[in-house]
Every structure is written in structure tokens, then in C-alpha cells.
Amino acid sequence: MYRFSDYDVIVVGAGHAGIEAALASARMGEAVLLITQTLDSAGRLSCNPSIGGISKGNIVREIDALGGEMGKLADASMIQYRLLNKSRGPAVQAPRVQADKFLYSQLAKHAIELEKNLHVFQDTVIDIVSSNTNESGYVEKGSVQYVKTERGREFSAKAVVLATGTFMEGKIYIGEYESPDGRLGERAAIGLGPALAKKGFTVGRLKTGTPMRILRRSFDSSLTEEQEADEIMRPFSFSNAEIHRPYAKCYITHTNQETHDIIRENLHRAALFSGKITGTGARYCPSIEDKIKKFPERDRHHVYIEPEGLNTEELYINGLSSSLPEDVQDRMIRTIPCFKDVIITRPAYAVDYAYVSPIQLSSDLQTRRIEGLFLAGQINGTSGYEEAGGQGIIAGINAALFSRSLKFKDEKYVPFVLKRDEAYIGVMIDDLVTQGVDEPYRMFTARAEYRLNLRHDTADERLTERAYQIGLQTKEASNRLKEKLLTREKIISLWKDIKITRDLIAKNPELKNHIGKSLADALHDPQVSLECICAIDENSKDYSAELLESAELEIRYEHYIAVQNRKIAKVKRMENTKIPADFDYDAVSGLSTESRTRLKEVRPETIGQASRIRGIRPSDIMLLSILL
């Protein structure tokens, strides 16, 4: 083995988690090494060529507010924009874009190459070496020392972030065919999963999948419905004022009874049902054969046709993820009229891979078994680019802070942790480390109890100053936030001062019930639109649509936000009551056996976190509260 020079932080994997982790650590001034099999695959949109969605779009904006890259990459590569749930309340609205997958990956690679504190080495990591390792490889409270690669290199570091995606012991399935790949045609990283298990980590397997891709010219769009999109593209990144990009169309069609019959006749040939796949899949992203089996009463399922980019003729067939053999895939898709003469360029396939149970992590995404080892992304049992990116930036921040604490003895390691009332990222990580996973974890607005406070448009208000304080965000971003808040307050003050007169009602009849009130008061009426307010306030033309909408929401929902803030304040005491890392649960008399077992397994950091562990009795939480 040849030992290379020391680094502060090593990041393994250049997917969405690895990119954010590596860039965050490097931008905080640490010397970072990113190890990946091939840099050309950096930031690959392996499945759906889209970024964002319900709650996922909020995470992208949170990553950006923290100083991450995903929002900027999405802005620079978007080819369609939609604000989802526009007809519903702001707490569940979120942006989603179609992205040019090749441009996105190219820009991600370039961002990595431009970062001055970041080096890249293209190889496969097969082991993490730590202190306190016995002869059998088991580790009891060790510390990271170095990583080993497949080609015999060793790299030392103070902290290591593992962001392996579907590549750790990955295997793809197409009917009877199987291959040790992380993606079709890209070999898996073999060796690291068993190495982690040998050290004492609980390692399992999860499953995901992707649909076929087809050639555009073999598809008849006239037999489909065009999917509506927003006319104006809006940015994810708070650093971008507006977006001007070419637009691409998406389409909707449906399966039919003939499609379903072919699938039913061949279920025994699907890897998902033949016993080949051992990993558990996400119930919220089922394969087409899973849909047919679970919902036999349905006579059709939606299929979305989405472009993979502006300079490719391949289309992504959203809704037809499958592990069926290629001959069955070809027959089933041709039963849909618009695909009668289809040419499949890449088959659908399933992939299962190794993951590490996340209840073995602390809230900073550091493993409790090996100090200085952080995990992010699908290795923690999550699904989705956005979830991976959100974990990646937190792992990268904490790896940098941990490294600093070892370099500078007067700098104590204080983990950067986002709470459930601060960010969707905080909700996700708390769910992972407190409850673990038994299927790929996907973020939903329903998981967040304080979602009105976690709107996508407020991500900068919640997170930018915190990121600036640790050296990740820029002074420019901090100043931009201050300017936004000052301007919004100015708009709100103006609307509070403008009174509604009879003359104004003549031109704006929707204000007829608000004579004598201010424009701000009128906004509490759901029948009064922002457009009506702006028609009266001539100064509104000087402000961006985003800023005006932000002012509107602050006024319209101020009472609901106040109620939510009171609820947050009530639970703060439990969230702030720390449980010592070495707390002896066996010494607590009266604690139920089930609660004692779960508490010892999860090792919650606060009483609040303990209360969210599955199987913990309220009486046991009360007992711990009294003791602490």
C-alpha cells in the first residue's frame, strides 16, 4: 500500500450527497479529497430528470440557503418549471423542474473542478480503517484513520464522509438477468459493505428502480395530453433573480387493460417477484408490476413522458419502472397507443444495494461506533436526489467542524444540527436517526409538524445567517437576506398605512366588505387577491413577484404562524433537555423493558428526540424528564 498525504476530509462518492458534502467542507476551508469511480458521472440524475417536488423543492432551497450547489445546478439546467399545489395553501406548495440531465452533471463536475480546496481521485474505496479494531475487524469506539482503495492506495484524513448511493454492493436486475452494477453499465463498489458489517455496523439491503428510456421519434405525441407547466421559470437559488432557459414539453398518457394483462401473465419473470431481489423497495415509488399486483381493480395508471435534455432524443417514461425481462417490457409498452412503434434505448431495471441502519448515527450524521465517520444519502436508507443533497451538506459541514476541532485544540467540536422547526432537512435527519428505516425514506410535507414555518420561500430566512456564521455562506448572501427582510417590512408597513375608501372599492369590488380597513387587514380575507392589492399600491411595480408574495403570506398567515410558534415554544423544553451520551438506562428503576431496549439502541440526544422513538411509552418519557 502507498500512503498519500493527509487530508482534512475525505468524501467517498460524487453523487448528490457527495457533491454537497465535498463542496461544503472545502468552502469552509478544509483540505478535501473526493474519491469517486469516475468524475464524469458526478451529479448524475440516475432516474427521473427532475429536481424538486412536494417538500423536496423545500429541501433544495434549504441546501441553497446553506450555501450548497443543488439549487444553482437546477437553475442552470432547467427546461421546465412548475409550482406544485398552487391551489392549496403555501405550506404544501413547492417548486419542481425538469432538468437537462447531461447539462446538470456537466455543471456539477465543473463546480467540483473549480473548488480550490478540493482534490479528486478516481478509484473505488473498499475499507475505512479506524483505531480500536480487533483481530476480527470489529470496532469498539474507534476513530477514523485512513481509507483503502481498490488499486492499493491509502489516504489519511481527520474525517470521512461516505456517500455511496446505490453503488455499495449494488446489483441490477432485468428479469432473469442480474449484474453487479450501481447503475446499468456502471460497476458496483464491492467490498465496503462487508467491511462495515465486520466493524459492527448493522448493514441491510434496499431496492429502487428506474423505467425504460425511448427514442423521441418513435413516440406519437399527438396521442397524448400535454402536461401543463408554468409560463415563467422561477429560480431555486436565492442568488438568482430570474431564469431564462429554453422550454421543453412533457406529456401524459395511461396504461390500459391489455398492458396489465401482459404484466400479470409475466409476474413470475419479474425479479421483484421471483425471489432474486432481497432489498425492500419504497411503497411510494412502486414498479408497474407492483402497481398491477397491489391495485388489481384499477384499469389504468398514469404514465408521464419527460425529456432527458435539450440535446438528446431520449425520453424518460415516468410510471413504468420495472424489473420485468426486456421482451415483456417491449410488449407491454407497445400496448399504449402513443408507443405503438416505440424504440427502447435503455431497458427499465431494478437495483438493490447495501445501506447502513441510520439509528447508528447521531444528529450530525456521525456514526457512534467510529468517531469522524459521517454517512450521507442512500447509504442511510433514503430515496431521492434532494434527500441525499440535504444530508450531504450537513455531513460536509460537520466533517469540516470536526476536522477543525482536531487541528485547533482551542476550537471545540459543536455539531451543526437543524431542528424539526428549522428545516425539512432537520425533520428528515431526526426521523432517520430516531426511528430508522424499513424501506427507502422519502420526504413528505406530512412528516413536518411545523410545515407552515418551513415554506420554500423562507429557507434563506431560516438558514442563511446560520451558514454565514460557520463560514459556508457568503457576505453577499447575508446582505441579500437583510435587504429582502427590510424591503418586505417596508411593503407590509405601506399596506398597513393605505386605507380602503369608497373610491377604491368602485375600481376593486372584491374590497367591498373592507371599507376603512387597511390593505394589510383586507389580505386576511381569502377572497382578496394579491393582484387586487398591487392594483391599488402603485409602488408594487418596483418589487419582484417573489417579494410581494412573501409580504402577502406574512400578513395572510400571521395568526396561524403565531399559533405554530407558540406550539414550538411549548416543546422547546423537551428539545433542549439533553441526555448524556453515556447515560445508563439500566440504572433507571421503573423503565419498561421495551423502552430501555429502544433507548439503548437509538441513544437519543434529547428528551424530545426520545419521545419520537417508536415503542417508547409516555410514562417512560415522563420518568426520564424527572431524572434529567
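Every residue gets a Cβ built from N, Cα and C, even glycine.
Copied over from Swiss-Prot:
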{"type": "BINDING", "residues": "G13, A14, G15, H16, A17, G18", "note": "FAD binding site"}
{"type": "BINDING", "residues": "281-295", "note": "NAD(+) binding site"}
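Annotated features taken from Swiss-Prot, shown on the structure.
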{"residue": "G13", "record": "FAD binding site", "CB count, 10 Å": "31"}
{"residue": "G15", "record": "FAD binding site", "CB count, 10 Å": "28"}
{"residue": "H16", "record": "FAD binding site", "CB count, 10 Å": "34"}
{"residue": "G18", "record": "FAD binding site", "CB count, 10 Å": "30"}
{"residue": "R283", "record": "NAD(+) binding site", "CB count, 10 Å": "11"}
{"residue": "C285", "record": "NAD(+) binding site", "CB count, 10 Å": "17"}
{"residue": "S287", "record": "NAD(+) binding site", "CB count, 10 Å": "27"}
{"residue": "K291", "record": "NAD(+) binding site", "CB count, 10 Å": "18"}
{"residue": "K293", "record": "NAD(+) binding site", "CB count, 10 Å": "16"}
{"residue": "F295", "record": "NAD(+) binding site", "CB count, 10 Å": "12"}
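When the Cα of G15 (FAD binding site) is compared against those of the binding-site residues R283, C285, K291, F295, the shortest separation belongs to C285.
On the backbone, the CA of K293 (NAD(+) binding site) and the CA of A14 (FAD binding site) stand 36 Å apart. Cα spacing between A17 (FAD binding site) and G281 (NAD(+) binding site): 20 Å, rounded to the nearest whole number. A gap of 27 Å separates the Cα atoms of S287 (NAD(+) binding site) and G13 (FAD binding site). Spatially close to A14 (FAD binding site) yet at least six residues away along the chain are A22, L34, T36, L39, S41, A42, G43, A108, I112, V120, judged by Cβ distances under 8 angstroms. Here the candidates are the binding-site residues G13, H16, G18. The one whose C-alpha lies nearest to that of E289 (NAD(+) binding site) is H16. All protein chains included, G281 (NAD(+) binding site) registers 22 other Cβ atoms within 10 Å of its own Cβ. Shown in sequence order, V11, I19, E20, A21, T36, A42, G43, A163, G165, A376, G377, A388, G392 are the same-chain residues outside G13, A14, G15, H16, A17, G18 whose Cβ sits within 8 Å of the Cβ centre of the FAD site. According to DSSP, S287 (NAD(+) binding site) is assigned to coil rather than to any helix or strand. The number of other CB atoms found within 10 A of the CB of E289 (NAD(+) binding site), across every protein chain shown, is 27.
Closest to G281 (NAD(+) binding site) by Cα-Cα distance, out of the binding-site residues G13, H16, G18, is H16. G281 (NAD(+) binding site) falls within a strand segment according to DSSP. Taking Cα separation as the measure, G13 (FAD binding site) is nearest to C285 of the binding-site residues R283, C285, K291, F295.
A separation of roughly 37 Å, to the nearest angstrom, links the Cα atoms of F295 (NAD(+) binding site) and G18 (FAD binding site).
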